[in-house]
């Protein structure tokens, strides 16, 4: 976005006055600008622009050696050379290569260079004066060589010190000394043997192994790429039987003190090499001060080095060598001197005629430098002038004239070097020349500064004033600064600063002026800055940035992004993950390398604004490293690790895993978790296992990768640490007790030969423990009394010994079927479909096991509508726990039922109680199975229906209702017809509207009420009857089929009833079987138990009459054998949630199963 602001000229400012003097007199050399030379021809003194280094070495591998000397001036300078203080003309030597209009000549490397060796100086002159170069030394190095000599063997007694001299030849530094054998193997150096600064090899005391014949000193001159070798030396150490210890002395330096001088910037090197037995130790001290921080000790503390020594490193140093017999010291007086350094270097000056000129030159150094003045290359005293004097460190020119223009040289020198400076002194008058272009446009940002230039060349210096908008008054004020070079600086620019400005330059020779226009722009600023982000690795990041800027920069505005102060260059080929669009920087698939500080840079040609945000990349921790095992013990070990990079999400915990190579090789399992601020743990281990361990970290981001595993760690065998757990004592048969337990894991064996000792005894007696040792994880105790409490314990053992003392658990031996049935069974009718059954508990001695609960079996004997018995399906309901009542729901109203109650345990059901018969009261009928329209006329509809299959009482009639519905949302009033004859199954509705649609409803009724409705729809005819129009409904195929199906179904039901009635002769036998059941055929599944509550068991109003007089005797003709156990589910409050149905298939299955059981 851009801010819309007026960029035109604003109101005028009050004009103030300021004056500045401007001239070029502070530069080291007067450079007449080309703009000036284009208007007027001004002569210039010569100035050296380039020259060869002070030391030019003729390395043999270089092709040529340029002796450089370049200068400028007006007129063009001419060049002359001196060699060793005498004139030298390179043009007289045809072997030298020269360049036109240059003082440079080149010495080729094609012959004897020694004749060119010497000190050179270049002179550049024109009619105004002469400039000179520094002295240039041309050095032609000799090839260093060791002299050919025959060296006598060095004979030394064992224990005595000796020195092998190197005496390297001189050459171009630096020099490096190596002591090696003929085979180029380095001589081993230590506290006893070392090389000195002079190249000699020092032995503190000789030992027998020092005897050898090939000690060679090699001198390496790296700058000339040369290594030379000294003749091999031989050493013969004479052994002795007694080597006496002696106190230290110094092999070098000699005496008790010495002086050391060096030039500032060089390395200070102090050396003390002692001898003695035992080998002395060396220490260094600076007297009255600490050793410099940058000081370092080398060559086994025998060499003290202070790199790049400065004046403050001067002072007194001491080395001390000591062994148990004594010590020796040496003092060094160190003086750090320095070559000349400028304190005030002479400056070139442009001065007006008649002025006083002051040329200052001073330098410092150790020792104090000597100052030598020259003018145009000649000593000042050799070129006297009446208006020139030397006062102290300066040269004064009084009432200078144009003829005093010259090049003055100041040379500062001591024994460490020379400094030379040329100062061009120009004496002339020149009217102002403004070198800045006229009509320049300047733009400034509101609130920022701006500099408007007015570069003037003149002599004498000009007075410069700045005015505004054609005013003669000059601007001034606290926001305006006038610089010596003529520029006007405006601080904190305002909109009112817009306008035209004029720069006027005046001196005694004339004046000159230029104009400039200033525009003020709106500042660039970021209005929506990017915000810090935390991004998961692999996800996408978006940074937003929005800026305002002056509308005039619409084509020049840039919005850039930087990462860690480096601009992001969008390259969609090499890095397509970075996309910048509409002020957004989108980074896809963020990686760790994307983390950093991202800066949005809003940039115009005048200003810029920056806003930054930190992008933090989150990831799971890096795998730990450097796993180390320590504190090894038989059953524990300490594991330590170094956490990996947490990727900006500190670990919350470390998980230690193990793997063993015997039972489950390659399968890593968790062993221990430790907090995220820990990096070690004590690991508790099992015996006889070869472990490996690894660690990984978990943070809020997730789990990191595991570390590399440790090496194998094997624990020795040991006795078991634990005994089996989850011991279960069960009795599946009456005279057995089965003991099962969870075996130890293979890794828990702690060694070979694992087995278990099973101990048991009766709980209520004083019996001794019976013990058995087994390898499996189960044991059966036989011939136990039925359902007797036992104590059991199991202990693990291997070849190393027994496990800990086991804990004792209790249980019972096998259960038997209950031997008694509940007594005092009574039934209380609650409503037409539910009864409450009560009984008395079976004594615990008759249970022969854990009480599972009570079970009620019931079946329907007949419907009270007729007197015929209809042996119904058996239903069963279990009530877990110790209780004396239960509710039986889902009964058919107006029926006679029979039920028995039995108890059950883990073995199965006990015997059933004596059957109790009861009757349910009337209820409402079931829904009529059929309602059909049999005939339709203009004003009537004929209906036919079938009575309900279960009337649930004595039918008293029907309620027939109907209402007009048609096809509208409104319906007609509901009209009812009460049919009091229960035998009626047809009815005709009269006085109906013709050609109208009716909804018909039918319900069957008893004395209790009417049952659910069955409905049908029909439309009356227009004129004739439906039968006459369509041939009568009785001729329709669907109606004929329906009636045939009803007739066939009725016939099947009658046949079934007849067959069932003829089977009544078996009832007495089956009844006896139910009253005295076979205990081996009464198994039960514990999963069929249902909890039951007697909440809300109150009978319906009017149904609490006693049924005792209606209960039949136990000799009912219905057999109990057809009513085996059955699974029925109830809610906790006793409400029925199951279905009732035939279970004859299950009964048959139970009978087959019972026949295969084996008696206990």
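For all residues, glycine too, the Cβ spot is worked out from N, Cα and C.
According to TrEMBL, the feature transmembrane segment maps to residues 1038-1059, out of the candidate ranges 972-993, 994-1015, 1016-1037, 1038-1059. The average pLDDT computed over the domain 'Fibronectin type-III' (723-816) stands at 91. Counting residues per DSSP class in helix, strand and coil order gives 3 helix, 49 strand, 36 coil for the domain 'Ig-like' (432-519). Within the domain 'Ig-like' (141-234), the DSSP-based counts of helix, strand and coil residues read 6 helix, 36 strand, 52 coil. Within the same chain, the domain 'Fibronectin type-III' (623-718) stays apart from the domain 'Fibronectin type-III' (821-923): fewer than three Cβ pairs sit under 8 Å, each pair at least 6 residues apart. Counted over residue pairs 6 or more apart, the CB atoms of the domain 'Ig-like' (248-335) and the domain 'Ig-like' (523-612) come under 8 Å in fewer than three pairs, which marks the two as apart.
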